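Presented below is the structure to which this report refers.
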Amino acid sequence: MDARRDDEEAAAAPLLAAPAPRSHAADVHVLSAAFVCLFSAYSAAQNLQSTVNDEGDLGTVSMGVLYTSFTLFAVAASPVVRWLGASRALVIGTSGYLLFILANLVPTWYTMVPASLYLGFTASIIWVGQGTYLTSAALSHARDNSLPDGPTLGSFNGEFWGVFASTQVIGNLISLALLRNGKDGGSITGKNLLFVVFLGCMIIGIVLMCLLSKRDEKRDNASTHSSFGAMLKYIVAPLKDRRMILLIPLIAYSGLQQAFVWAVFTKSIVTPVLGISGVGGAMAIYGASDVVCSLVAGRFTSGLHSATFIVSVGAIVQAVVLFWLLLFYSPVEGLLGAAIPLFIGALWGVGDGVLNTQLSALLGLLFEDVKEAAFAQLKVWQSGAIAVIFFLSPSITLQAMLILMAASLVVSFGLFLLLTLVVEKPSSIRA
């Protein structure tokens, strides 16, 4: 009898010793931490391109090349992510960000432009992979725990985008601490040290990305890639849906408003008042506001109607900022003048946090069956809009840019409101 019991315990031992699979929420924690390390470095570096690499507009042109490349490659990113799997795509996607930081240590046309071109390719993979991985984790968590999809997607996206927005705080505080003497045309010191620190952040992020669980859904990829025609149909499938058509203008505006703060706000509003060294502080305030709004917006997301209310709040805040800059703003000296760019950054972060959480949650809800293709469309239109701003910003005035932004906001928000009227909720979003 004892021998039999010993045999049973021995047979069960491997099962008892096997580690429990990581929870869906834990995977999101790891994903968020990896993105924080990567984008604390990249976001701060991006914010500085129009100022630290301003000779011959090298920084802004490189960013324009980057987002043009991003747009072109994002068109085909969805089948690549399906073939690689979301977790592998995330790891491969980190290589471009590492190369971009290395190029900034020796910024020339022969280093920055090729690095930006390659980063556009890897960025399309990492961001489609991020949307796919996060949506898969959220829906799996909802099903395993008998929870509704909408609030779960909102909660997971709120956490990710809230943590992700902290990259603007962390990275820009690092640049604020290390950059010196950027005001009134003075020479900049500490730039190389700054990018070496950013390089260390990148390496930590890559290690964390390698620790992600493989949680790709079981599916037959052969049918998706059996022919070029089949792959093309999958890529363009969301464009046949009127819901995506009505979302595209808001997606494009989300890219415009991001590029506006990176390229125009930092150069035309912050630098004249606070100097280059003040860019980090202003963007840290912007990032802190983004964090809070992302977390709050994600917590209150439950479906299309709640998303409509939340997006409305963000759109109104950014509209107020745009029209105030267009009609009333002029640089002011003294403490008030220094506080205005910080206040504008805080308000702008409200809209960015709202758009990031709501667009990602809505795409996961409305296009679950083709989510890789849906997130590819998100990045196609978003990155294309970002490229437009980077290419336009050196050649048009601040007033013209503000008019473009205001018109884009009015049109995109109007079409989004139309979406709430034409979508049949029972057939579009599961309870």
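The backbone N, Cα and C atoms fix where each Cβ goes, and this holds for glycine too.
What TrEMBL says about a protein is an automatic prediction, not a curated fact.
Feature list (source: TrEMBL):
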- 28-45: transmembrane segment (TRANSMEM)
- 65-84: transmembrane segment (TRANSMEM)
- 89-110: transmembrane segment (TRANSMEM)
- 116-139: transmembrane segment (TRANSMEM)
- 160-180: transmembrane segment (TRANSMEM)
- 192-212: transmembrane segment (TRANSMEM)
- 244-265: transmembrane segment (TRANSMEM)
- 271-297: transmembrane segment (TRANSMEM)
- 309-329: transmembrane segment (TRANSMEM)
- 335-355: transmembrane segment (TRANSMEM)
- 376-396: transmembrane segment (TRANSMEM)
- 402-423: transmembrane segment (TRANSMEM)
Per Cβ pairs under 8 Å, the stretch of 28-45, 271-297, 309-329, 376-396 packing most closely against the transmembrane segment (402-423): 309-329
Contact between the transmembrane segment (335-355) and the transmembrane segment (244-265) (3 or more Cβ pairs under 8 Å, separation 6+): yes
Stretch of maximal Cβ-Cβ contact with the transmembrane segment (28-45) [cut-off: under 8 Å; candidates 65-84, 160-180, 271-297, 309-329, 376-396]: 160-180
Intrachain residues whose Cβ lies under 8 Å of the transmembrane segment (192-212), provided they are six or more past its termini: 27, 30-31, 33-42, 44-45, 87, 90-91, 94, 97-98, 101-102, 104-105, 133, 171, 174-175, 178-179
Contact call for the transmembrane segment (65-84) and the transmembrane segment (309-329): at least 3 Cβ pairs under 8 Å, seq gap 6+: no
